[in-house]
């Protein structure tokens, strides 16, 4: 065979093999397509059963090997249907208070990166409850902790974190930026409000669903401020109490009604209350009650009752002779529903709360009349309306050898109960001004909820040894 014949023979053989390979490839492709449609035509055999739920996402792994066909990771999403919170239930009967949470932030912060905070509170949503506070933008052991006794700075922010944990840079969520705040969930999404800026020209930014929606300028040029605990929503309307003006004279207080972060109505304070700050609010049977701080005159607390559906309110003073602000004079013979009861020194007031429910009424106050130390709960039937009402039950929360601070109300409105169970928190302030051996001012938190049982008292104080921070 000559060279040309060899070349022709080799070329023919190569072409034949190429054609055979092509035919095999086409046959393989056809076979796979046929098998694929065969699998698709038999859903009972190879399609996973998908269970739809009322929660967020169901992920089902069903690995089926059949003629090289692999089905895996089928994801079916079904949005949970949410509705606006409806405050139709009454308050639960309370005979004592059980522990809910204690974060031990100062104790943990002796040896961990824990944020400096103050003005803490708790607030719940359909998924559970979270702790909130105004961070100072530094940690207890950080050098910037020097000077955190001051309330207002550009470095503060409203943060939230899982209930029971201590706040660190690694577990908190920033809700908004500012040095005064409130936050609440309407059943569909969360509204958070932060005040920031200079004393003479502060402003509020209202966030809803994680986005800024509304801005509010100062109306009196004197430290625009708000509740420092949760607001409450009813059928989508979320009233918030804000004050602008002097802390020791008549100020301009407004009740602003929001829906989805947008202003629906603004009311000037009406009624007998003469000074309003730092209201602690809760809702039941369609109404919202806010128990506030009269920083100008009253050792008895102002009460604002809000009808959020009508978007109207009234104000008065807690009638009981059991005084609950700090500092305060001795309890008088009679209370006053319409005017402040003066007296007490040296501090003009502290944030506090009460649950006012006829015979089922409870008041919280520091044990000391003169300083923010100790904390007790007093059952005072008809405290809202009876000027001679007095305690019938008593429970120590913090003994008087330990510091307390602000306190406020909250309720898990989504708990599966026939009634709304009252809960409260106490801020446990440590550091300056009382403990000047450290440079910082911060707090831990303890929270308790109502019980129908009659439980014993115990002191839930902060427990950190300041000497360890030196």
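Cβ coordinates are placed from backbone N, Cα and C, and glycine is handled just like the others.
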### Task
According to Swiss-Prot, 294, 298 bind Ca(2+); identify which of 325, 331 is listed for that same site.
325
### Query
Cα distance, residue 406 (active site, nucleophile) to residue 294 (Ca(2+) binding site), nearest Å?
14
### Query
Taking the recorded positions one at a time (151, 325), which has its Cβ surrounded by the most other Cβ atoms within 10 Å?
325
### Task
Please tell me which one of the recorded positions listed here (151, 298, 325) sits closest to residue 406 (active site, nucleophile), measuring Cα to Cα?
325
### Message
If you average per-residue pLDDT over the region 'Hypervariable stalk region' (36-88), what number do you get?
### Response
51
### Task
Provide the number of Cβ atoms within 10 Å of the Cβ of residue 294 (Ca(2+) binding site), excluding the reference atom itself.
22
